[in-house]
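Q: Under the heading topological domain 'Extracellular', Swiss-Prot lists 28-584. The N-linked glycosylation site annotation in Swiss-Prot covers Asn42, Asn114, Asn144, Asn195, Asn214, Asn253, Asn285, Asn359, Asn401, Asn434. Feature annotation from Swiss-Prot assigns repeat 'LRR 1' to 54-77. Annotation comment: Swiss-Prot describes 78-101 as repeat 'LRR 2'. Residues or ranges marked as disulfide bond in Swiss-Prot: Cys117-Cys139, Cys235-Cys265, Cys348-Cys373, Cys424-Cys447. Among the features that Swiss-Prot reports, repeat 'LRR 4' is placed at 126-150, with the record citing experimental evidence. The annotation repeat 'LRR 5' is assigned in Swiss-Prot to 151-175 on the grounds of experimental evidence. Residues or ranges marked as repeat 'LRR 7' in Swiss-Prot: 200-223. The repeat 'LRR 9' annotation in Swiss-Prot covers 251-278. The repeat 'LRR 10' annotation in Swiss-Prot covers 279-308. What Swiss-Prot records for 338-361 is repeat 'LRR 12', and it gives experimental evidence as the kind of evidence. As annotated by Swiss-Prot, repeat 'LRR 13' applies to 362-388, with the evidence given as experimental evidence. For 438-457, the entry in Swiss-Prot reads repeat 'LRR 16', with the evidence type experimental evidence. The annotation repeat 'LRR 17' is assigned in Swiss-Prot to 458-478 on the grounds of experimental evidence. Summarising the annotation, Swiss-Prot assigns repeat 'LRR 18' to 479-500. Annotated topological domain 'Cytoplasmic' per Swiss-Prot: 606-795, in sequence order. If you look up Swiss-Prot, you'll see 640-781 marked as domain 'TIR', on the strength of sequence analysis.
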Amino acid sequence: MSQDRKPIVGSFHFVCALALIVGSMTPFSNELESMVDYSNRNLTHVPKDLPPRTKALSLSQNSISELRMPDISFLSELRVLRLSHNRIRSLDFHVFLFNQDLEYLDVSHNRLQNISCCPMASLRHLDLSFNDFDVLPVCKEFGNLTKLTFLGLSAAKFRQLDLLPVAHLHLSCILLDLVSYHIKGGETESLQIPNTTVLHLVFHPNSLFSVQVNMSVNALGHLQLSNIKLNDENCQRLMTFLSELTRGPTLLNVTLQHIETTWKCSVKLFQFFWPRPVEYLNIYNLTITERIDREEFTYSETALKSLMIEHVKNQVFLFSKEALYSVFAEMNIKMLSISDTPFIHMVCPPSPSSFTFLNFTQNVFTDSVFQGCSTLKRLQTLILQRNGLKNFFKVALMTKNMSSLETLDVSLNSLNSHAYDRTCAWAESILVLNLSSNMLTGSVFRCLPPKVKVLDLHNNRIMSIPKDVTHLQALQELNVASNSLTDLPGCGAFSSLSVLVIDHNSVSHPSEDFFQSCQNIRSLTAGNNPFQCTCELRDFVKNIGWVAREVVEGWPDSYRCDYPESSKGTALRDFHMSPLSCDTVLLTVTIGATMLVLAVTGAFLCLYFDLPWYVRMLCQWTQTRHRARHIPLEELQRNLQFHAFVSYSEHDSAWVKNELLPNLEKDDIRVCLHERNFVPGKSIVENIINFIEKSYKAIFVLSPHFIQSEWCHYELYFAHHNLFHEGSDNLILILLEPILQNNIPSRYHKLRALMAQRTYLEWPTEKGKRGLFWANLRASFIMKLALVNEDDVKT
């Protein structure tokens, strides 16, 4: 039986004991060693190795049959002890003699038949319910428990003065277990209940209600009844039982849970509470049996403000829906909540209704609900969460005549906005609209209440916000989390937006001008998006750094790079890219400036080190080597005595003798000089012609003095005619000193033409360049050339 009782009082224990438990545990919540849990361990006795400083001990759901003083006497700091769901038959409160700080004691759901009491001044919570007591186990010592706030008891029968010892206490909660209660001979018993805020009565779960006890309580705020089974015959017995309990003016809240009854009896119960002072009637786990017919109901003036029915099972499948729904629709109360039921519809009140709050969560309502209804003028809040709504525009049309509606919740339906026909009819009074967890797309923004302040669209199918959206100038909070948006929406159409939730979307490159567009934003939640850490993201991260830290929710932990792979998982706060790699203009200017600097530097170095001269000389050397390898065979077979004939002015003889001859002759190059090799007795012209013919090449040392010499011109003339032919390159010009073309006499047209057509070697004034000059000059001679000695020629 204890297993059946467990769920019955779960919620009551939670409500009544939560404050006490939290208050008791908070001072030592951080001391893990002071909380010991041995529940559900199949223990038959209390463990011996408990820590001496234990403050909270749970031994529930075991097989302990006895509690002795040595078991807990050493736990001097014990404040909470749970022994529920064991096999204890007897309890002597003297075992707690050394536990003077004990505040919470739960020995419910045992087999207790008797107890022995002693003073326990600190006790606040005492639960003796769901045991095997014959009469209420209330000792006179209980009257000294001045701190007691919760008292749980059970008995098979009552006596009027059983609770007299605790009548003067100010209790918050009293739990009476009446599961084992039975009447004898149809007699009616009486019981005076002490003053308490909450009275919870638990009846047998499988028996028809049969309690005949006149209970009276002077000050009661909340009455809770559990396990009520009724039919049409004993329905009146429950109302008789409740008559005395509900008489007091302080009773404002009545809760019935786990109730099985007929529809006729249900209507009678509603009618019973209608004239009573009860303001809040709550019914949980209602099962309707037998038939459902239209029942008469008198909607007189009532103190009832709210009727809440949650979790209804209807065992009647064929019935008049009008008979069922009209009873609720015509109630003249402010708040009606019917949730988790098989109801498929709710009719429109036939006359102007008093409803300001309607909650129809988790039913089977369709798009036809309240269509064309014009009697809900006072309705301020409508909740249709978890139903079968599909057409978004019909939902809008449903609200058209609800002129006071401020809050509408149609989340967790199957709403879609595909069939947009530009007919958008919302109640203009709507301020809060919850459209989350539906199948809406971006077109929903074309049809929204114009004055909405809070809009929840999270978990839909929105990929983008259209440009032609409804201008929602009053919108302050927008939740579009868990959609497929790729960018942060600007505030062009939402000028008053202050809160934006857009996490868990597909935002990879948030707009850098978001914060400029949304000047009033005070809370942004945009984490858990696949941010691409590229140049486009730099400005957004920079803008985040400019706003207050509390504005960006979840920063920086929820803002991480998703791409590229090398940066995946990196916090945006730690992501950095150089300005140069992200600014195209700056990059272009930098590259251009660098190239310009390099060009200027290169030009300067070229000029400073005379690089063009080196290049020119290298090209000449290369060409000379190439031509030397392709000398015609007939050139090599000529009878030659000299490698070179040198023509120069007497003014340049010092350079020829000191520079030219030593550098050529050291490599066995035979040179012909007129003053050294001309044959005396012959004319100068004959010697010139003769030795030019005997030389492989002719070298002319050009200078301003050269062009002033007639003989030098003759030598040049004869060399040009004798050594030059098509394809040959045996004339070498060395420019010792610069010669301007204008300074060459016109009669020396040969020289002028040669200098214009032929490449010549310039004598470098810098000594560092002279090595390349000599290498270039020597490369012009074929070292394997077979020369004939002068003596051999004579013979």
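Glycine residues also receive a Cβ, built from the backbone N, Cα and C atoms like all the rest.
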Q: Starting from each candidate's C-beta and looking 10 angstroms out, tell me which of the disulfide-bonded residues Cys235, Cys265, Cys348, Cys373, Cys424 has the most other C-beta atoms.
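A: Compared across Cys235, Cys265, Cys348, Cys373, Cys424, the most Cβ atoms within 10 Å surround Cys265.
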Q: Roughly how many Å separate the Cα of Asn195 (N-linked glycosylation site) from that of Asn359 (N-linked glycosylation site), to the nearest whole number?
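A: About 34 Å separate the Cα atoms of these two residues.
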Q: Could you say which of the glycosylation sites Asn214, Asn253, Asn434 has its Cβ with the most other Cβ atoms inside 10 Å?
A: Asn434
Q: What's the CA-CA gap between Cys117 (disulfide bond) and Asn42 (N-linked glycosylation site) in angstrom, rounded?
A: 28
Q: Here are the glycosylation sites: Asn114, Asn285, Asn401. Which has the lowest count of other Cβ atoms within 10 Å?
A: Asn114
Q: Report, as numbers and ranges, which residues of the same chain sit near the repeat 'LRR 17' (458-478): CB under 8 Å and 6 or more residues beyond its ends.
A: 424, 431, 435-448, 450-452, 484-487, 489, 493-501
Q: Taking only C-alpha atoms and a 10 A limit, tell me which of Asn214, Cys373, Cys447 are near Asn401 (N-linked glycosylation site). These are the recorded positions.
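A: So the list reads Cys373.
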Q: Return the member of Asn42, Asn144, Asn359, Asn434 nearest to Cys424 (disulfide bond) in space, with distance defined Cα to Cα and candidates limited to these glycosylation sites.
A: Asn434
Q: Among 200-223, 362-388, 438-457, which stretch has the most Cβ pairs under 8 Å to the repeat 'LRR 9' (251-278)?
A: 200-223
Q: With CB pairs under 8 Å as the measure, which of the listed stretches 126-150, 338-361, 479-500 comes out on top against the repeat 'LRR 16' (438-457)?
A: 479-500
Q: Same chain, outside the repeat 'LRR 7' (200-223) by at least 6, Cβ under 8 Å from its Cβ: which residues?
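A: Sequence-remote neighbours of the repeat 'LRR 7' (200-223) are 4-5, 8-9, 12, 16, 129, 158, 173-181, 183, 186-194, 229-231, 234, 237-238, 241, 244-246, 248, 250-255, 258.
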Q: What parts of the chain pack near the repeat 'LRR 10' (279-308), using Cβ distances under 8 Å and only residues at least 6 beyond its ends?
A: 231-232, 252-264, 266-267, 270-271, 273, 314-316, 319-320, 322-324, 326-328, 330-338, 357, 359
Q: Counting only residues 6+ apart in the same chain, whose Cβ is under 8 Å from the Cβ of Asn359 (N-linked glycosylation site)?
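A: Set apart from Asn359 (N-linked glycosylation site) by at least 6 residues yet with Cβ under 8 Å, we have Met308, Met335, Leu336, Ser337, Ile338, Ser339, Thr381, Ile383.
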Q: For the repeat 'LRR 5' (151-175), DSSP counts of helix, strand and coil?
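A: The breakdown for the repeat 'LRR 5' (151-175) reads 3 helix, 9 strand, 13 coil.
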